[in-house]
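I have a structure I would like to understand better, so I am pasting it below and will then ask my questions one at a time.
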Amino acid sequence: MSWLNNPSQNFVDPFIRIKCILGDDIRIIKFNSNISYGGLMNQLEQDFQCPISIHQYEDYEGDKVTVKSKDDIMEALTMYFELKALNPTKIISTKFFLKQLPPQSQPLSSSLSPTQSLILNNNNNNNNNNNNNNNNNNNNNNNNIIQHTDFPSLIINEHEELISNHNIKWQKGQILGRGGYGSVYLGLNKDTGELFAVKQLEIVDINSDPKLKNMILSFSKEIEVMRSLRHDNIVRYLGTSLDQSFLSVFLEYIPGGSISSLLGKFGAFSENVIKVYTKQILQGLSFLHANSIIHRDIKGANILIDTKGIVKLSDFGCSKSFSGIVSQFKSMQGTPYWMAPEVIKQTGHGRSSDIWSLGCVIVEMATAQPPWSNITELAAVMYHIASSNSIPNIPSHMSQEAFDFLNLCFKRDPKERPDANQLLKHPFIMNLDDNIQLPTISPTTTLSTNTTNTTATTTTTNNATNSNINQQQQQQQQQPPTRTQRVSISAGSSNNKRYTPPISTSTSSSSSSILNNFSINIILPINLIILIFREIKPNFVNTLSRVCKHWKQIIDDDELWNKYCSDRLINKSKFEESITWKSNYIKIYKQQKVWFHNKLNHSTLKGHDKGVFCVKLIDDQGMVLSGGEDKKLKVWDISGNHHHNHHSGIVGSISKKSGLNIINNNNSNNSNSSSNSSSSNSRYLFSLKGHSGCIKSVDYQRQSGSDVSRVFTASADFTCKIFSLKTKKTLFTYTNHQEAVTCINYLGDVENKCITSSLDKTIQLWDAETGSCLSTLRGHTGGIYCVKTDQVATHGNGYNHLVVSASVDKTSNVWDTRSSSKVRSFTQHTEDVLCCYVFDQKVVTGSCDGTIKLWDIGTGKTISTFIPSETRQKNYVWTVQFDQSKIISSGKTGIIRIWDIYNERDSRSIGGHHETIFSLQFNNQKLITGSLDKLVKIWSID
């Protein structure tokens, strides 16, 4: 987070946030303090994708001021930044009221054309860019690349290989892993047959994406550290290249995986294996320390093992070069479970911090658990390491030599810890069994400059990629029960949540009880308090407030909660603006806890003859609608009160058919635990018939009261139908589509319209009373699987005229139904986009590429990418829904996944269906699913 970048000073936000209003299109845009008028207009036109002018602005007193010249606008900006200078911690915001200009018109005279590249770097970066342009003025292509990517000058200026035009002859193989901004592939050198790993990072505008900027800066740091390192126990870098589409990083391919992944496969290691690996880790650390480099993130996930048992240190994104006195480094880098006390307390650290982390890795290898695994709260772990005099538990089964070795590594005073060379002479390392031979290491080879056309352009490559490859491989092979996070104060945070070593919950201690055992008068560094605050949970607040005198003020500071929530992309609902940010987060956390941990009961509705393609839950009415391949829409009563006529005559006319009322109730905490029993809490009511093809989608309309009056269906027979639930007859058939209709949405009684998507590549808006087509949206080049409206707008102030579609053409489009025009296109999926869902100006899409992407309507930028573990089998994501606390998805595997939307992880997996799930919907504390296995399941939370 930017507010943690300088822990010794108060947070100073260099931006102001301006609410820009163009008709019904409202966006909050951040502007840098040194932006010019031309840059301002350029940024506005790029965001709104049309020529505009600023008509009015709102001053600090809330009055609207009419703009007469560009000087008025710049004077307003100056005023806002002066206000911010007076109160640096206050978030200053205002409003710009915009007007759209005709295409040939231009806003008030601008110094920049809309097509020029706008670079908003600080003065140092600007100077660096100028120097770089002077050095490369003979290469126009290179300059174009720099303007196109706007990468940090650290990469462009210090690593000239990034703008080389040499071709790299390699063939892309199987995908090894995916991340939010790129994919990792196995590569084959087409000339030599050499295998290597390649991470391709798609080029986007990093100025608007701080997460990507941190990733690229981490890459640059690794390249800088590793460009001259060559050692048998350090991952070998092959090179880096940059073109106009991708940043490609080439590195040694390690097929064995990391220590953490091996622990997940084989369990704890024997002491002999630990000795073999520890000796090689020490050899790598000795080389690094001799070359004035501290790794700062030694842990099992960053130590790779090849097929011959050779250890390779990887992931140098947290590393630091030093010279002379090394205690000057006071920033917090690494993963807390493996951190030395001086790192967490930020009292200065050096090579000895790597030695402490090595001891933690030995404990990890001996137990298959991270150190401090008996403490469940990450914040409590950090406090425990910093404030107590204890050391990690040493496994009792280890030898006396191992005990002595670990006690040396775990000296609380870093000055008392031996260095790597001294530990290599310790009996624990020297006294290997006579019949044990260390792995034979072949000589290290380097790339010669005359082979740059066939391999990589230089010998510098990004090591973070190698760690990402192996961590993403581990993610497919193990179940992570807790969260491991890399944290950084001095240079922003860089999160790594992909691997969490298994821990035993039976030995877990209460974080509150651990903290309460410590003195409450200890005063911790304010930077540590802020860092712990980032990991805080609401049920932990009261305990932390007793830790030291700073906490009461911090916990009640809603501005800090605002920054905390903003960093996690947590928003407040516009209908609940009066609640505090603290209350907002606690509310979301409670919602997550219910879905992530509470017991699940489920019932099974049997009666469909073929697969179920659509379901709809009407929870307050105790009703379920389901349709599918058998061409019938079935209506179910799940209220359990079958004698109370609350469905306006529907229950009174039940068609009692045998074989349609088979209900199984199961209790489930996870995908593996369930028990079966029979019940009659739910039953089939009747079917709505009339379609000649399978029913693909269903929606409904309520009467003026609360009962459901009309049902809307979309079918593969090219038609849509409106049914009356009271008479069970067709009221109207819509026939304007030319191919199968895939999705239907009723837009509410105010609009009284329906919007439908079809494989005929169109979206149609039509009147639900007359059936007349009001507008047709065209722009997709393939069939459309899904169309959705913003559920916050639909359930709040009404339909907001924006819809989102998912198509066979691999894109998801945002449409304005008033102008029948495409507003934005999301193109980050690599295969068909099968489903989408819209909530509070954000969209979740699921694809045949096996990924789920959360993205923002206003910018079209990816916020997060969620990757089910079965992605390697290319299992399609057919259905997805989300709200402010979670994402729920499913698809080809029949497994339902509940995702933590803010930590990008799978928090719960539910089994129950044996084939593809095509539809799901959740509402309050119920979830309903429909599957190709002919079953409809209803999941309810205790």
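Heads up, the Cβ atoms here are built off N, Cα and C, so glycines get one too.
Copied straight from Swiss-Prot:
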ACT_SITE  D297  active site, proton acceptor
BINDING   L176, G177, R178, G179, G180, Y181, G182, S183, V184, K199  ATP binding site
COMPBIAS  487-498  compositional bias 'Polar residues'
DOMAIN    170-429  domain 'Protein kinase'
DOMAIN    518-564  domain 'F-box'
REGION    107-144  region 'Disordered'
REGION    441-512  region 'Disordered'
REPEAT    607-646  repeat 'WD 1'
REPEAT    690-733  repeat 'WD 2'
REPEAT    736-778  repeat 'WD 3'
REPEAT    780-825  repeat 'WD 4'
REPEAT    828-865  repeat 'WD 5'
REPEAT    872-909  repeat 'WD 6'
REPEAT    912-942  repeat 'WD 7'
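Describe the structural surroundings of these features, if you would.
Neighbours of D297 (active site, proton acceptor), defined as other CB atoms within 10 A of its CB across all chains, total 25. In this structure, D297 (active site, proton acceptor) belongs to neither helix nor strand by DSSP; it is coil.
Sequence-remote contacts of a segment are chain residues at least 6 beyond its ends whose Cβ falls under 8 Å from one of its Cβ atoms, and for the repeat 'WD 1' (607-646) they are 652, 654, 659-662, 681-689, 691-700, 706-708, 711, 713, 715, 723, 725, 915-916, 918-924, 926, 928-936, 938.
Per-class residue totals from DSSP over the repeat 'WD 2' (690-733), listed helix then strand then coil: 0 helix, 25 strand, 19 coil.
Residue counts for the repeat 'WD 3' (736-778) under DSSP, split into helix (H, G, I), strand (E, B) and coil, are 0 helix, 24 strand, 19 coil.
With DSSP states grouped into helix (H, G, I), strand (E, B) and coil, the repeat 'WD 4' (780-825) comes out at 5 helix, 23 strand, 18 coil.
Within the same chain, residues 594-595, 598-606, 608-617, 619, 624, 626, 628, 636, 638, 666, 668, 671, 674, 682, 876, 878-881, 888-894, 896 sit at least 6 positions outside the repeat 'WD 7' (912-942) and bring their C-beta atoms closer than 8 Å to a C-beta of that stretch.
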Give the nonlocal contacts of the repeat 'WD 2' (690-733) in its own chain as ranges (CB under 8 Å, at least six residues past its ends).
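Contacts with the repeat 'WD 2' (690-733): 610, 613-616, 618, 620-621, 623, 625-633, 635, 646-650, 653, 739-746, 749, 754, 756, 758, 768, 771.
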How many helix, strand and coil residues does the repeat 'WD 6' (872-909) contain under DSSP?
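Secondary-structure composition of the repeat 'WD 6' (872-909): 2 helix, 22 strand, 14 coil.
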Give the residue counts of the repeat 'WD 7' (912-942) per reduced DSSP state, in the order helix, strand, coil.
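Summed over the repeat 'WD 7' (912-942), the classes give 0 helix, 20 strand, 11 coil.
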Could you give the number of helix, strand and coil residues in the repeat 'WD 5' (828-865) as assigned by DSSP?
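Split into helix, strand and coil, the repeat 'WD 5' (828-865) gives 0 helix, 22 strand, 16 coil.
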Per DSSP, what is the residue tally for the repeat 'WD 1' (607-646) in helix, strand and coil?
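Once the DSSP states are binned, the repeat 'WD 1' (607-646) shows 3 helix, 18 strand, 19 coil.
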